[in-house]
Amino acid sequence: MRFSTLHFAFLATLSSIFTVVAASDTTTCSSSKHCPEDKPCCSQFGICGTGAYCLGGCDIRYSYNLTACMPMPRMSTFQESFDSKDKVKEIELQSDYLGNSTEADWVYTGWVDYYDNSLLIQMPNHTTGTVVSSTKYLWYGKVGATLKTSHDGGVVTAFILFSDVQDEIDYEFVGYNLTNPQSNYYSQGILNYNNSRNSSVNNTFEYYHNYEMDWTEDKIEWYIDGEKVRTLNKNDTWNETSNRYDYPQTPSRIQFSLWPGGDSSNAKGTIEWAGGLINWDSEDIKKYGYYYAHIKEIYATAYDIPNDVKLDGNSTKESDYHAFLYNSTDGDASNIMLTTKKTWLGSDDATGFDPQNDDEDSSSNKAQETTITSVSGSSTITSVKTDSTKKTANVPAQNTAAAAQATAKSSTGTNTYDPSAGVGGFVQDSKSTDSGSSGSSSQGVANSLNESVISGIFASICLGILSFFM
């Protein structure tokens, strides 16, 4: 049985995008229950809130109203190689990001580092791993990545396109099977166990491979090392029951993740698909303190958008329409508009209908001074310097119930994980890095173990699991 990345990869990283609140304050959202006005934004995990809840992953279908979610920054053609420590440091902590995509091309929750000319994504002992997301959205294009997966039963690596209404195009790699990458797709989160296909390569852990997804209005093609391994035609996805094409068709972010599909807290079917219970006493855990995967390069070619797309704005300059916006909660391709509206929030209490971003000097963090220090990738500004008044979003670290377990172990002195230890002995001076950089691994641990989020973790996990079965 095959299970969706939506329900499990992101369930395993439940707290990565939105604010964790006390269990008594948690408000859920679904097709039968929309968010209230004071917590108007429905996260992709079915939890209502403000601030970061209204950014990437905000589901317009179940939010308070259509304007609760912020516009989605538009992606241009780019190429990025993580071939230096500075490139990895440009990846911004999710908790520092409030929607200004000129500030960073990538955000992360969990643990990232630089090693051997690559971005190293990590999953420490008894944690839920790491998610790296683009800050911009692609609406049709060709996306490719050169990577080495993790390994061992229960360990899952993923490279996906994922939209806010839960359209999804995947490459997934289960660690017990290193020769059969899985391609997959979903439309608006609808589970279909027949969508997955296997391909054949040599060892995905030992060797770099190039994986591509070529997404157009009419078809999706998957490639490995330049060879086409699968084609999906839109016409073959017609659903007579719903009277629509079950085909990914909405603007999507690029995401990489490393997560414990075989964690004992997961459903039995998830554990079986992932290759059994994860071994938290493995050689990698003993030697390094974490499982890991390498991302060497990522690139995207943005295709022309559909000719009949509507415009939300008065400008006659195409370049001013820098973001996508929905005009209906149906969430189909015909409901996508281009807009000139800002994509960032002024504070973590802001929402799409009250963004608090009228000040032209506002960035993703209100009351801060921003200075451009470098350029790279798909955006003009990828590295910034901010003053001490910087305000961060209430986004918790990349952990759930498993992290709470790790916290308990840490208090007894048995958890000796050092996220900056690096594979092969690379050690980074985390004390000298800024908390907004990917090199701040010690800060990431501090965030991960923050006592203020633990009270909401268990409730969030339970709600996420319940939402899957409903």
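A Cβ is built for glycine as well, from the same backbone N, Cα and C atoms used for every other residue.
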Notebook entry, point to check: Considering the candidates Cys48, Cys58, which is the cysteine that Swiss-Prot reports in a disulfide bond with Cys69?
Noted result: Cys58
Margin query: Using a 10 Å radius around its CB, how many other CB atoms surround Glu172 (active site, proton donor)?
Written below: 25
Margin query: Let's check the environment of Glu168 (active site, nucleophile): how many other CB atoms sit within 10 Å of its CB?
Written below: 23
